[in-house]
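Taken from TrEMBL, the feature domain '4Fe-4S ferredoxin-type' applies to B:59-90. According to TrEMBL, the transmembrane segment annotation covers B:117-135, B:171-190, B:252-277, B:289-309, B:329-351, B:357-376.
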Amino acid sequence: MSDATKTGAVLVVGGGISGLTAALEAAEVGNEVYIIEKNPYFGGRVAQLNQYFPKLCPPTCGLEINFKRVKNNRKIRPYTMTTVKSVSGGPGNYEVELETAPRYVNSNCTACGDCAEACTDEIDNAFNFGMNKSKAIYLPHEMAFPRRYVLDKDACSADCLEAVKGACKYNAIDTEMAAETFTVNVSSIVWATGWNPYDRKKLDNLKPESSPAIISNMMMERMAAPNGPTGGKILRPGDDKEIESIAFVQCAGSRDENHLEYCSYICCMATFKQMTYIRERYPEAKIYVFYIDLRTPGKYEHFREKLRTDANSSFIKGKVADIIAEDDGGVTVVAEDAVGGGKVQQKVDMCVLATGMKPALGEQGKALGLKMDGNGFVVSEPEKGMIAAGCAKSASDVYTCTQSATAAALKAIQNAQ
Amino acid sequence: MSMNVQPDIHFIRDMKEAGGDTLKKCFQCATCSVVCPLSTDENPFPRQQMIYSQWGLKDKLIGDPNMLLCHHCGDCTAYCPRGAKPGDVMGAIRAYAYKFYGWPTPLANLASSGKNLPFLVAIPALVVFLVWLISGSNVLPHEEFLHDGFSNFFGEGYVTLFGIKLLSRNVFFINSFMIPTAALASFAAFKGVTALWRKMSENAGVGEALYRPSVPQFVKEFLWPSLVEIVQHDRFKKCETNQERTRGHQPLMWSFIGLFFVTTYSFVSQDILGYFIPSLHGPMSMLNPVKMVANIAAIALLVGIVILWKNRNEMVEKKQASNTFYDWFLIWMIAGVGVTGLGAEILRLVGVLKLGYLVYYLHLVSVMMLFLYMPYTKFAHLVYRTCAMTFERYRDSAYVKNPVNNG
């Protein structure tokens, strides 16, 4: 293929930490970049964390600077609520059909919040994994970029829609907005479609729906976050009890042929990190970590060693395979202690399932003609200009994601020239 | 604590052959021990048995009551995150143990491999055929079939020695192979159970006790409660995911108890009393209560084995178990005994002579198979599991637990 036919542009699918990094790296060396995001905001899973590795920064640190770089870079065209419909053409000149779902709020929005005050209908707050409610017209989260409200039209009654429209001083609410389809021509595509927490309801032996005291590690992040449903307090859902004991259930779905066959890489470190959240708030609380192996890649070893010395924490080698809901609101977790021998029945106030990463792209990837491995991760084909980045490629932490995103950007621009 | 690991490579190979080929996949997460409805808090299994198998620690396993306390519900295999199939491995350990404790060794080896199936069938088939040839009754009786049934299978009249009437021909020739077979199986089972008990005591560190239970005490406190538990299927019923299997095993067990009673009765009446009262020979009346028990038992046997057959297939489909010769051979043998037994009876009642004789012959062959291979095939669980359940009670009793009793 001659250079003349190449558009030189790059499409980045996914606006999390990997997508943002890849887009910026490609744009800052002069390439045209389209970055699309399915959610109404950029930032992805990192935005939902309380702190993230390697330095335990809050997500504002890191994401904000990236948002600013995106805003200031005229080479990047960001689209939220946008997904890929189809990919045609070939390497060097892909024609990609994109669709933007209606936000029902146009760019006049100043995020003043008057509409939300007037809104009478509520929806489950997806950003907080349904742990609280938000108004049907909402800003996805405090530092949402773009800073613009979204309307869940289907959840609103006619009266509510009228009230919301009436409350907006800027004529920003357009309930007639429809889905828009448009086409971009690009040389290569970076797939940074990220991950979803593994659905804990599928772990039937752990009976995750039997008690509100059984939460996931991502729910724990939201609880610990100052902008979360509890304002940063870690309380037992259901009765808001301050906890005196907590169990972490490692490998909840990961390294399991019946669920996720692979190690999700981040859950051990996430648990160690969350132990520090517990310690900050409850210096005396008993912490029990049930594990198969504790995997602390690279220099994270030190982090583990520090927590292993915690007098009120115990580490039990044995996977939790049964959880019994107790009458007092707590739960009993059951595991076999493979080192000490005998079964352990540990009663705790709350239990965290360290659920793993399931690649978010799923079946759609195959339909779009991507090469995928047996677990649903995208396999890069740089010669075709199809490049995977971050957790779409393999389960990884933020640090590894940014590395892989930078590498993806390099491959993408090589293909674009 | 250090441990000297001396892996037995032959053991690992044998395990693989007996259906435990997945054992190396285990990464010791211990999910199995928790989802197992039978394992206790103090003595969880099968996680420990998995690592012992991987390490080839044969001695630890063959003296481990837990391998026999497992009833292969299949929960462990269904929930195993690595497809290591702990349920199948436990089955393979049992298969290995029956072979290990089996006597005579060549027979035990023969009976524990599917490759030998032609021989396993041929031996009893040949024995019964030879006895039939020797009996000289190579002429099919044409008359009185409805009346005499199969009581002239080995010829009419009596066997005589120096002019003295010994036994009726049929009784004599059936006994000529069934009594030695039953005696061999009983002796082998006794020998095996004794060795297992010794090994389990040794492994559990049950030393010489100052006071040991007397035989009546032992039966009353340990053996009898185990038998009651077995008959009531208490442990089997805990296999929640596999209730269907209990529904098959229970009628089957009762039918064996019934048939044991009927066989004993007919041994006494035909072989002993029949010597003096020849009219006791021949088929019993259908209205004879003993015959009624026999017929009910035969039907229960068939119902039970059909349920178990179906269930075994379902377990394989649901990936709770693999297809192994060890599991299927017993199902086939019992199904064979049931089908040929009831088949011969029906053919007799409708008067189909030649086919009836052939089916009766097959019945004798399948019964001999069941007896002959009892101590080495899955059927051996009858004695070994009972032994382990009894040992479990003994191990937890004051005879062992009381330090005063263990000098």
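Backbone N, Cα and C atoms are what each Cβ position is placed from, and that goes for glycine too.
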So which of B:171-190, B:252-277, B:289-309, B:329-351, B:357-376 is most in touch with the transmembrane segment (B:117-135), counting Cβ pairs under 8 Å?
B:357-376
Quick test of the contact rule: Cβ under 8 Å, at least six residues beyond the ends. What residues does that give for the domain '4Fe-4S ferredoxin-type' (B:59-90)?
15, 19-20, 22-27, 29, 31-33, 35-39, 43, 45-50, 52-53, 96-97, 100-101, 196, 199-200, 202-204, 235-236, 238-242, 245, 315, 318-322, 324, 381, 384-385, 387-389, 391-392, 395
Mean per-residue pLDDT computed across the domain '4Fe-4S ferredoxin-type' (B:59-90):
93
Take the C-beta pairs under 8 A between the transmembrane segment (B:171-190) and each of B:252-277, B:289-309, B:329-351, B:357-376. Which stretch has the highest count?
B:357-376
For the transmembrane segment (B:252-277), sequence-distant contacts whose Cβ falls under 8 Å of one of its Cβ atoms, 6 or more beyond its ends:
167-168, 171, 175, 230-231, 233, 284, 290, 293-294, 296-301, 304-305, 308, 334
Checking distant contacts: for the transmembrane segment (B:289-309), what same-chain residues at least six beyond its ends satisfy Cβ-Cβ under 8 A?
244-245, 247-256, 258-259, 261-262, 265-266, 331, 334-335, 337-339, 341-342, 345
Short question: which residues 6 or more past the ends of the transmembrane segment (B:329-351) have a Cβ under 8 Å from it?
114, 117, 120, 145-146, 149-150, 252, 283, 295, 298-299, 301-302, 305-306, 308-309, 312, 359-360, 362-363, 366-367, 369-370, 373, 377-379
